[in-house]
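Annotated features in Swiss-Prot:
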ACT_SITE  Tyr95  active site, charge relay system
ACT_SITE  Glu135  active site, charge relay system
BINDING   His85  heme b binding site
BINDING   Gly268, Val269, Gly270, Gln271, Thr272, Pro273  NADP(+) binding site
DOMAIN    1-136  domain 'Globin'
REGION    147-396  region 'Reductase'
SITE      Tyr29  site 'Involved in heme-bound ligand stabilization and O-O bond activation'
SITE      Lys84  site 'Influences the redox potential of the prosthetic heme and FAD groups'
SITE      Glu388  site 'Influences the redox potential of the prosthetic heme and FAD groups'
Amino acid sequence: MLDAQTIATVKATIPLLVETGPKLTAHFYDRMFTHNPELKEIFNMSNQRNGDQREALFNAIAAYASNIENLPALLPAVEKIAQKHTSFQIKPEQYNIVGEHLLATLDEMFSPGQEVLDAWGKAYGVLANVFINREAEIYNENASKAGGWEGTRDFRIVAKTPRSALITSFELEPVDGGAVAEYRPGQYLGVWLKPEGFPHQEIRQYSLTRKPDGKGYRIAVKREEGGQVSNWLHNHANVGDVVKLVAPAGDFFMAVADDTPVTLISAGVGQTPMLAMLDTLAKAGHTAQVNWFHAAENGDVHAFADEVKELGQSLPRFTAHTWYRQPSEADRAKGQFDSEGLMDLSKLEGAFSDPTMQFYLCGPVGFMQFAAKQLVDLGVKQENIHYECFGPHKVL
């Protein structure tokens, strides 16, 4: 526990943090990667270049300082970050490195004096221990469950299937022939790659796209413009190739009773965790209402349409609606979509009027903000809306 003086000293730095903004974390990362370049093998350097990770870390630091007297308020954020850390295989000793550079950054940017540095050192130590302990629990859970493992495990690509002009699915089975750990629908795999020509090891998280079967995993990858890893997977990864995986993780997952109605809302590749949820509901014979609402640019980039239709047919109460923002003439001729333009949930209000319905969202942040606002305006309770950001977390 932190003493009152330490808490007061940390809280007194909040105005300075707010004034500085993400420039603080930019300095921190630049310093850390200069002095500890080995950490480039762990961090997603693409998120460093576009500034997303720097913004996410700044928001986390500011939230900690603001809630330092009420740590339980931070537990949802801690869980999200700890789950992600396990896919990077973060170790306790790496927290010492981060702490060293955080304090040095505060000193170099603000020269706040030893009292402030000591207070932040104590505060960081408390938070680091929270993460270390929770991550140890997750590592132990992953290693001890049936089919689980520690660290990375070699998996072979056994199928590679284009699903649209931009999305390709990969089916993976363990090289050792053993069973694989189950997961909750909505969670992701940590994929570790360092192909020839890559300057650093790259680690990515890809959502699992079907119900666990104990034998292998399926992910789907969108080709991102300029994306080093996604383009390598699309262009160079082949059936028979071996990749390293970390056990499934993630705090975004569906856990509902059979009589709980569910709405799955997605855009683009955001449908991937929803597929695992839909597959799970279909194979469980879910009896309550299930809605599938999806937005795509057009038919060329609309993946898994046939699979969704087939899964929906096995559910007794299923409604699907697809929006194409800019459908082609071929799309119109085929009748592959229901509405043109942006997703408008007000026209489907009757499909989710049950106050117990749970809503799961995934897609670009702007889309999720747009969809979540519509739901709230239609009377949906905020606590019934669950969402996942691909990349560093953002608040809707």
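Cβ coordinates come from backbone N, Cα and C, glycine included.
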Structural state census, the domain 'Globin' (1-136) (DSSP three-state): 113 helix, 0 strand, 23 coil
Listed recorded positions His85, Thr272, Glu388, filtered to Cα within 10 Å of Glu135 (active site, charge relay system): His85
Assigned conformation of Glu388 (site 'Influences the redox potential of the prosthetic heme and FAD groups') - DSSP reduced to three states: strand
Listed in sequence order, residues with CB under 8 A of Gly270 (NADP(+) binding site) and six or more positions away: Leu361, Cys362, Gly363, Pro364, Phe367, Met368, Glu388, Phe390
Cβ-based neighbourhood (8 Å from the centroid) of the NADP(+) site, residues Gly268, Val269, Gly270, Gln271, Thr272, Pro273 excluded: Ser207, Ala220, Lys222, Ser266, Ala267, Met274, Leu275, Cys362, Gly363, Phe390
Pairwise CA distance, Lys84 (site 'Influences the redox potential of the prosthetic heme and FAD groups') versus Tyr95 (active site, charge relay system), rounded so that it is a whole Å: 15
Cβ atoms near His85 (heme b binding site) (within 10 Å, other residues, all chains): 21
